[in-house]
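**Q** Found this in TrEMBL, in case it helps:
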type	residues	note
TRANSMEM	C:20-38	transmembrane segment
TRANSMEM	C:45-65	transmembrane segment
TRANSMEM	C:71-92	transmembrane segment
TRANSMEM	C:104-125	transmembrane segment
TRANSMEM	C:137-159	transmembrane segment
TRANSMEM	C:219-238	transmembrane segment
TRANSMEM	C:250-268	transmembrane segment
TRANSMEM	C:280-299	transmembrane segment
TRANSMEM	C:344-366	transmembrane segment
Amino acid sequence: MDFLSYFLMDFVSQLQSPTLGFLIGGMVIAALGSELQIPDAIYKFIVFMLLIKVGLSGGIAIRNANLAEMLLPALFAVVTGILIVFIGRYTLAKLPKVRVVDAIATAGLFGAVSGSTMAAALTVLEEQGIEYEAWAAALYPFMDIPALVTAIVVASIYLSKKRNAAEKYLSKEEYYGKQEYYGDQDYYGDQRITAGGYPREEGGTAGKRVRIWPIVKESLQGSALSALLLGLVLGLLTRPESVYESFYDPLFRGLLSILMLIMGMEAWSRLGELRKVAQWYAVYAVVGPLVHGFIAFALGMIAHYATGFSFGGVVILAVIACSSSDISGPPTLRAGIPSANPSAYIGASTAIGTPVAIGLGIPLYIGLAQALMGS
Amino acid sequence: MDFLSYFLMDFVSQLQSPTLGFLIGGMVIAALGSELQIPDAIYKFIVFMLLIKVGLSGGIAIRNANLAEMLLPALFAVVTGILIVFIGRYTLAKLPKVRVVDAIATAGLFGAVSGSTMAAALTVLEEQGIEYEAWAAALYPFMDIPALVTAIVVASIYLSKKRNAAEKYLSKEEYYGKQEYYGDQDYYGDQRITAGGYPREEGGTAGKRVRIWPIVKESLQGSALSALLLGLVLGLLTRPESVYESFYDPLFRGLLSILMLIMGMEAWSRLGELRKVAQWYAVYAVVGPLVHGFIAFALGMIAHYATGFSFGGVVILAVIACSSSDISGPPTLRAGIPSANPSAYIGASTAIGTPVAIGLGIPLYIGLAQALMGS
Amino acid sequence: MDFLSYFLMDFVSQLQSPTLGFLIGGMVIAALGSELQIPDAIYKFIVFMLLIKVGLSGGIAIRNANLAEMLLPALFAVVTGILIVFIGRYTLAKLPKVRVVDAIATAGLFGAVSGSTMAAALTVLEEQGIEYEAWAAALYPFMDIPALVTAIVVASIYLSKKRNAAEKYLSKEEYYGKQEYYGDQDYYGDQRITAGGYPREEGGTAGKRVRIWPIVKESLQGSALSALLLGLVLGLLTRPESVYESFYDPLFRGLLSILMLIMGMEAWSRLGELRKVAQWYAVYAVVGPLVHGFIAFALGMIAHYATGFSFGGVVILAVIACSSSDISGPPTLRAGIPSANPSAYIGASTAIGTPVAIGLGIPLYIGLAQALMGS
């Protein structure tokens, strides 16, 4: 009963949060035919601001962490973040009529981390008197950033494989147009339409393999990952705290609310795509987080026996794996996988994934840790 | 004597306020031929930020107010806000050579509310020991937003009536060009030039009437009212306080100063339009606020006898009717009635209307309330 | 030894400062082929925000200063600021292969003032118990703004003299294109290429002289100096403190970090230009500040004997002359002299000039003042 009431309370408060409020607001005004528009230059700048902030906070957290001691848990965090994307790629993306790019973006969001879910877990751990390493919260960026980077790269590779050799020389606009185009084909499941482009691809399988590194490089050079990694490196190597605390951090939530509005307006026009497959996203958003958390819990236990990683730390690792990003993820994926439908990944994460992580995940992993501590 | 010195002191301090300072600064650099320009994308974003902030603060205020108790005064606030626009439409707009859209925009600004004038009234009420309801300040948005919406809709209807049937199919650019065009005709009072467009209109009077609802809908869907009403609904139904207090509210005055600069630059090029009619705006800006205040005072007294609305509350209702908006109004009207001349409405409100409200209005209504309380 | 260790510590901390960190970050991502771009509208808005803030802070400082008492030192500050630009124009700009516009921009930056270097000097003066006038810090804008204005005007005159009569009628784009073009000619030292444009110019020497005032006027009307001077006048004549403290000042460092990123990306593509002449910039950045400081020290001593200007004040005047701007200067010069290479002037100032001013300049002038006080 407690689980359910936690879950429902969090579900309702998520609906009233500025994040989801502005998203729904954007959908409503789009539905009512409003002419409101946020200029494209502003949209691009907001995405830049959000991504460099996510990178900076990650870089600062890692720089201030005890790297030697946290080596194994950090490695497991990276592994979990990447693994979650591949799990989504080979489960959700294989379900009938689910668009592959939407599934990859959703998996990226579930691999990324929610700071507020982690903060909730830290509070409960302290209330229950379970000890954890001071640097455990700094595991956050080790899972968050690899998951988002992996999702963008996997999506690029997927989309690139769909393009035939000739399309390699298309302009940027045509390229993104193609992404959308293949995305829709994918959605309609009509494999015959894409067949026309395949023979040449299949004739050059060897060529396809060597093309993976250029795609990874291109993803990293794209404006989304450039900004994210630039922030990460600046956070690690310079002392940007003054400008981070006076500028990037305070503006973050406000700019995010505007981005949510923009994404809501766009989501409205693409909501139809979701109707036939919404139940798969709901299933994934309930089952996925709990499975991800158990994987991280198991890896954490290995670190527990190998290097004495605390039970509290194991719970934190499990909770960040269980959580899905409402904050850093959406802008990154919007910029990095422009053809994915935001209503798919944000809806699944914010409306279901986060309540599941807070209402079910946190008590579950803490109960499990307490059972193991007692034994 | 006290009235006059209050009035003059406030007049001088208004001239030094950032709001008017940046407006005059913009006029000066335009006069000196500066090449300074604020990019259009930034201008649009600033307007969006200002309008959604005005809406959010109204929505939050209404959500936190005691709606049952304030029902009648709130209704009277709405009525007063709408009435002020129609008073301006049938007085100021009918004066010789006054452009109708300028007059409607000015009336909208005088119907809208100045937060700082209201704050001044609250301070004086407390000094004098006159009691008022805690929710009385929340009457603000009930007058402010209806006045601005009414002004924009009335202006749209006016401009639409001027267009003939053929113009209905013009592009947006041509539409706004036309607005300016008719505006000037209006200004020059040359009715013969517009005659060419009239016959078809007059032949379709029935058609004209049924066209009013589409115009209202179009006004509400325009980017200005969309942003305002979106903010209002988000403030009412969600919990945007965190993002409002950390983002929209702190940025408000700064972004307003930039908007004032832009409006000053534009106002310079249109100052000539005002020379022949400035005296009418001056008369309206002195007489209007006092009349509006008396109407609201009378309505407030009805609420006093009907539901026990306090004398302090009656004074507040009169003062917000007497005040004209220097803050929320200009960006809304600039975006909602683009063909109106900002130097007309801002000049009248900021330079004359606000000093009149603070220097004459507040002492007048408090004196009146004290006389009635004594009786 | 102490000088050297001060110098090196400051050099290292400068490299980690957000200012230089974002500049280098921009160069690195440009080198790695990133597609990250800051929209042009955002760039223009950031420059506007930075310049109006610099102007406002100068205007507010001057308004709050004791103008009668500080008349002579303020005059000397203006003279020093202008003189530094002309020293650079006739030393650095005459060195082999140094581009003239780069040299003028660099001299402008060394004439401008670093607030943090001045703050360091004030701290040391207080530690050493050396008294100074409370208004001495307000000498800042009297040197800063004239130096930047002079540099922009001198660069405009130089570039204008290079253009032949026909080019006077070119469009803005062509004009800036030409600036780049002549700049490069200058750099390559190939005087014959420009010869084609000269005869007509030389035939109209009288015409050239009368053209100087239009160029000064055009510089002042340009968007960079317009914003700077508008801020100055608003700071002097109105009361913008509320909006300055809540908006322009807090956003300053953050917006500057983004500008530095943009300038770093641009600097990378122009780094080649610097390779052959970098040693001249290094020499100038070490010798220049110390010479500028001595000139100001000498002028300050004249004020000391003439009007009793304190020894502490003399040190402050010398230190602000010795300092070079890392903050207000770059955006002003970037907008005012678009053809100058940012890697030349920012590199020279931030990486060498500032450590020299703090590590060598401050102890030097304080020691000199103490020696003179003892005598």
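Note: Cβ is positioned from N, Cα and C throughout, glycine not excepted.
Please treat TrEMBL annotations as automatic predictions, because they have not gone through curation.
Predicted, not measured: the structure shown is a model, and the values here were computed from it.
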**Q** With a Cβ cut-off under 8 Å, give me the same-chain residues at least six positions beyond the ends of the transmembrane segment (C:104-125) that come close to it.
**A** 80-82, 84-89, 92-93, 132, 137, 140, 143-144, 146-148, 150-152, 154-155, 158, 281, 284-285, 288-289, 292, 312, 315-316, 319-320, 322-330, 332-333, 337, 340-341, 344-346, 348-349, 353-354, 357-358, 361-363, 366
**Q** So which residues does the transmembrane segment (C:219-238) touch in its own chain, when a touch means Cβ under 8 Å and the partner is 6 or more beyond its ends?
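**A** Result: 44, 47-48, 51-63, 141, 145, 148-149, 152-153, 156, 244, 332, 335-336.
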**Q** Of the listed stretches C:20-38, C:45-65, C:137-159, which one has the most C-beta pairs under 8 A with the transmembrane segment (C:250-268)?
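**A** Looking at each of C:20-38, C:45-65, C:137-159 in turn, the most contacts to the transmembrane segment (C:250-268) are made by C:20-38.
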**Q** Residues of the same chain, at least six outside the transmembrane segment (C:71-92), with any C-beta under 8 angstroms of its C-beta?
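**A** Non-local partners: 98, 103-104, 106-108, 110-112, 136, 139, 142-147, 150-151, 154, 280-281, 284, 288, 291-292, 295-296, 299-300, 302-303, 306-307, 309, 313, 317, 320-321.
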